[in-house]
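Participant: This structure is in structure tokens; I'll ask about it shortly.
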Amino acid sequence: MTTLTQAPETTAARETPARRRRRVDRLPYLLLLPCLVIIGVLLLWPLGQVVVMSFYRLNNVRQLRGDREWPWVGFGNYAEILGDPFFLTVLRNTVLFAVANVVLTMILGTLVGLLLNRLGRRMATFVASCVMLAWATPALTGTIVWKWLFDDTSGLVTWLFNALPDGLSEALFGRSDWTGYGWFNSPLLFFAILTLVVVWHSFPFIAVSVLAGLKSVPSELHEAARVDGAGPWKVFWKVTFPLLRPVFGILVVLSTIWDFKVFTQQFVLAGGTQDRPTFMLSIYSYAEAFSPPPKYGLGAAIAVVLTLILLLVTGIYVRMVLKQEEDS
Amino acid sequence: MRRGAVLRRAALNGAGLLVAAFAAFPVYWMIATSLKPNREIFAATPRPVPAEPTLEHYREILTGNLIPGVTFADFFVNSALVAVSTVVLSGLVALLAATAVARFRFKLRTSFLIMLLVVQMIPLEALVIPLFLMIQRLGLYNTLPSLILTYLGFSLPFAVWMLRGFVAAVPKELEEAAAIDGASRAQTFRRILFPLVAPGLVATSTFSFITAWNELIFALTFVNDQDRYTLPVAMTFFFGRDDTAWGPVMAASTLFTLPVLVFFLLVQRRMVSGLVAGAVKG
């Protein structure tokens, strides 16, 4: 502090009030400038560019470098994907997967949040720490481990199914020997396992957010409801849920956005971009663009469709957050 | 009544243990497998705990060449380089921007905040094609800076969003006192505000680090030479094959996960408030 007072040479000290006010007005913009440039160049420009690219036929990396012309095809790429029954399959996969995962994540996450709120302190800390572990694990390694659990020879799940009494296994699934069973071969099973992996990764965030919400609810409200004879089900829907509605709203929107663009888990579980029956929009766009032969324009069109869907959801989200900011 | 309470407590604790097992088991299994010798990994009956724990898989991935001339450590270094550069750059830029929105009331402030929220929702997966074009034109294809640049853009909006809370939490009076003592704006920021925001900067940087450390698609697309692969790409490439050597894979996974776990512990308490308002997920 003393060094500061000993520096009368600083420009601020010598400025007239008017000059100083003007400078202060410009300062926030100056501070924002690097941030704005980066966001503009690395997020907004590509966002516009992906739309532009979706109107061209781009099948060659030399076109991207600017060495070759871009032939304009208008809505040709869109016509191509919309006319392709496979695109509808992909769209259906994406939507069904997102809905299933949002619902499951929300239910499991909320239940765990409620549970954490009712456990004793030590037990709650232990369970919460374990839950954090699933959350902190990177999507990549988490998926690799699940893949190992479902390995067809030495995976733990395969062993567990083999350990079932043969009669029971036969009656339930029509087979008793699971060694060599391709867990990832049928699209339905693949999606089931992918769901397991994604829910495992994302329920902790919901649980912890719900717990944080619950902590902010005065416990007297719950007690009063219970004294009035309300069961846990009723207490949840009549007391807890209305109070946590804004939190739930944001969590649903965030989960929806995340589950619509699942990529890493899918890529790792499927072992690349070969497994077309299990494609969803993000991996489909990627595969069209980057698997030879490259079709950047077509991939861009698919990416635009994905973006439009998410923009819709984002609109809802931004309105919710702004409302919360106003309230607080 | 008492009996009922005891039973209910037992049921709750039982459910708690079940949840804990579901959440933590895969992580446990990853570490346990990484410590088992091959005959235990591929045994007919899996052992819950390694009977003869060994570090052979760690030795294998750390000393062996995954491809001629390239070791696991090289990929680790590539990833660390990219992540640390991203953290430093995004921390600097975010700090300036966060100061602007937390300390000044100016015309476009609200618009800027809304924009931050919106850009966080852009599906990055959809940007891989145009960014590939940009990287090509800039001549950055097949370089690590292509990734640093990309991750900088991705981590920045959330970093600003998170940091602005930390900046706002520093009492304004401290800066005003310095200003009365004759310090310039730049001086008060540098000597008063920035040191006090340092813990927040650490928390924010952790997010940027995790983003950069975990990223797969862009690393897969922008870098071609194997010796420049980041760890996620190397892992999907070398360990994703049909005939997987699960011991080394689990050892690599453990080493990859470790830094993230450590950093995550640092910021877990900030996670929720930050995430509900912003949006980033690993």
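Glycine too: its Cβ is placed from the backbone N, Cα and C atoms.
Unlike curated records, TrEMBL annotations are generated automatically.
Below are the features I grabbed from TrEMBL:
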DOMAIN    B:76-267  domain 'ABC transmembrane type-1'
TRANSMEM  B:12-31  transmembrane segment
TRANSMEM  B:75-100  transmembrane segment
TRANSMEM  B:112-135  transmembrane segment
TRANSMEM  B:147-171  transmembrane segment
TRANSMEM  B:192-213  transmembrane segment
TRANSMEM  B:245-267  transmembrane segment
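I would like each feature placed in context: is it buried or exposed, what are its neighbours, and how far apart are things?
Facilitator: Long-range Cβ contacts of the transmembrane segment (B:12-31) within its own chain (Cβ-Cβ under 8 Å, at least 6 residues beyond either end) map to 250, 253-254, 257.
Within the same chain, residues 82-83, 85-86, 89-91, 93-95, 97-99, 101-103, 113, 116-117, 119-120, 124, 131, 135, 140, 192-193, 196-197, 199-201, 203-205, 207-208, 211-212, 215, 218-219, 222-223, 230, 270, 273-274, 277-280 sit at least 6 positions outside the transmembrane segment (B:147-171) and bring their C-beta atoms closer than 8 Å to a C-beta of that stretch.
The list of residues near the transmembrane segment (B:245-267) in space but at least 6 beyond its ends in sequence, with Cβ under 8 angstroms from a Cβ of it, reads 27, 30-31, 33-34, 36-38, 41, 56-58, 60-61, 72, 76, 202-203, 206-207, 209-210, 213-214, 231-232, 235, 239, 282.
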